[in-house]
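K.L.:
After the structure tokens below, expect a handful of questions from me.
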């Protein structure tokens with residue numbers, strides 16, 4: 001039911017601090033391994049889950065936030081605070097109350113006995129259609145529910161346009177898994193039951209003209225049982241739990257900071273938190289422009305590719321574990337810093353991956369580098385021809401090197417080999433210059449603990465499975481073998 005957005009006395013509430021139960025953005029997609037032999041299905045997955053990844057004209061996918069909690073818990077207040085702090089982005093609020101079913105004549109005669117807090121009271125199918133439409137970047141006409149007549153207004157709607165952030169608010173927005181899986185972040189507002197009851201009494205008596213006895217009777221008969229049976233169990237799906245609702249300014253600040261970060265990321269980074277794209281600058285875009293130019297000289301292609309590769313390697317090293325270390329400076333003062341992970345090696349996927357070895361050696365003196373050769377054309381890129389890896393690779397963190405992630409088939413074969421050799425999946429960091437969305441889906445859905453570090457995510461794969469816009473055959477251009485073929 002609609003809640004009072006104003007603050008109340010929280011003297012009876014002693015809970016403090018936000019509780020983070022883990023940000024699970026990977027829940028948006030299934031974690032089951034994809035069929036890597038059918039690249040066309042991967043392309044379909046990309047187009048359906050992330051339209052802006054493969055179509056430059058498609059609208060940018062919005063960031064969907066679900067806000068749930070008991071009646072009068074402060075959900076609306078939290079939503080208003082988030083909207084205010086995201087003032088530089090377009091934000092729309094869709095309230096689940098708008099999707100109440102209109103009551104039949106029989107139900108209207110016994111409206112005092114109607115349970116408005118039961119899942120059946122809502123038109124979940126229309127709410128799902130609304131969320132899917134807004135997620136696709138299209139506008140939607142949200143119905144307006146009249147709580148006096150308990151019917152939807154047939155003559156007026158609220159037009160909701162595509163926005164950067166969409167907030168779905170309601171007591172049961174987490175109840176249906178189809179709606180829940182559309183959300184990028186799920187927030188549960190947890191407020192003491194006595195506080196919620198006091199708010200509800202004030203709201204229903206002041207705003208809806210009801211007497212206190214009828215409010216208490218409805219609360220005991222419907223609201224409290226529905227909370228215990230449906231609302232409270234959905235708390236387990238929340239990514240973030242906020243005690244004290246709108247009074248918890250620290251929690252709301254942390255949430256909005258996280259949303260700001262996600263809004264600045266590629267859509268695939270919102271889906272897969274283990275994908276890292278180095279921050280784009282004019283320098284990086286300029287180097288990408290140079291190496292993608294088909295008429296660039298081999299010398300310039302190698303020079304600017306090496307510069308970009310060095311940046312990717314440096315960024316990848318930043319994801320390795322570090323330990324605190326203190327050193328004495330020439331001035332005699334003590335400096336507290338960090339020490340690099342000692343157990344580290346590189347593995348290049350021959351032959352394009354060998355182009356990244358010089359940058360890795362320049363960053364990590366004396367590093368061991370293994371090699372894997374996979375026949376890309378035969379057996380759908382899954383034929384292992386050669387491998388030479390450090391004998392103690394299972395004890396090391398591995399930087400897997402391949403400048404272009406296209407279908408992901410060769411990468412999956414290489415990663416499977418490393419895991420067979422005893423390397424923990426979480427110890428593998430896959431470094432590349434450019435990535436296709438199809439390849440990211442293929443690798444991340446199969447190996448969710450692995451990290452991918454890239455300098456740019458391109459649009460898609462074409463019918464020949466080449467990355468578009470891409471940069472051609474990287475190995476041939478880097479080593480000059482394309483000139484020999486001409």
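Heads up, the Cβ atoms here are built off N, Cα and C, so glycines get one too.
Straight from Swiss-Prot, here's the annotation block:
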type	residues	note
TRANSIT	1-47	transit peptide
REGION	31-67	region 'Disordered'
COMPBIAS	31-54	compositional bias 'Low complexity'
REGION	59-264	region 'Uridine kinase'
REGION	274-486	region 'Uracil phosphoribosyltransferase'
BINDING	298, 307, 341, 342, 343, 344, 396	GTP binding site
BINDING	351, 376, 402, 407, 408, 409, 410, 473	5-phospho-alpha-D-ribose 1-diphosphate binding site
BINDING	472, 473, 474	uracil binding site
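Please situate the listed features within the shown structure.
P.N.:
Its Cβ taken as reference, residue 342 (GTP binding site) is surrounded by 8 other Cβ atoms within 10 Å in the chains shown.
The secondary structure of residue 408 (5-phospho-alpha-D-ribose 1-diphosphate binding site), as reduced to three states from DSSP, is coil rather than helix or strand.
A sphere of 10 angstroms centred on the C-beta of residue 474 (uracil binding site) encloses 23 other C-beta atoms.
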K.L.:
What are the non-local neighbours of residue 351 (5-phospho-alpha-D-ribose 1-diphosphate binding site), defined as same-chain residues 6+ apart in sequence with CB under 8 A from its CB?
P.N.:
373, 475, 479
K.L.:
Hey, which of the binding-site residues 408, 472 is the loneliest by Cβ count within 10 Å?
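P.N.:
Among the binding-site residues 408, 472, the lowest count of other Cβ atoms within 10 Å belongs to 472.
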K.L.:
Which three-state DSSP class does residue 474 (uracil binding site) fall into?
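P.N.:
SS state of residue 474 (uracil binding site) = helix.
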K.L.:
If you count the other Cβ atoms within 10 Å of each Cβ, which of the binding-site residues 407, 409, 410 comes out on top?
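P.N.:
Its Cβ has the most other Cβ atoms within 10 Å: 410.
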K.L.:
I'd like to confirm something. Which of the binding-site residues, 402, 410, 472, 473, has a Cα closest to the Cα of residue 341 (GTP binding site)?
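P.N.:
For residue 341 (GTP binding site), the closest Cα among 402, 410, 472, 473 is found at 402.
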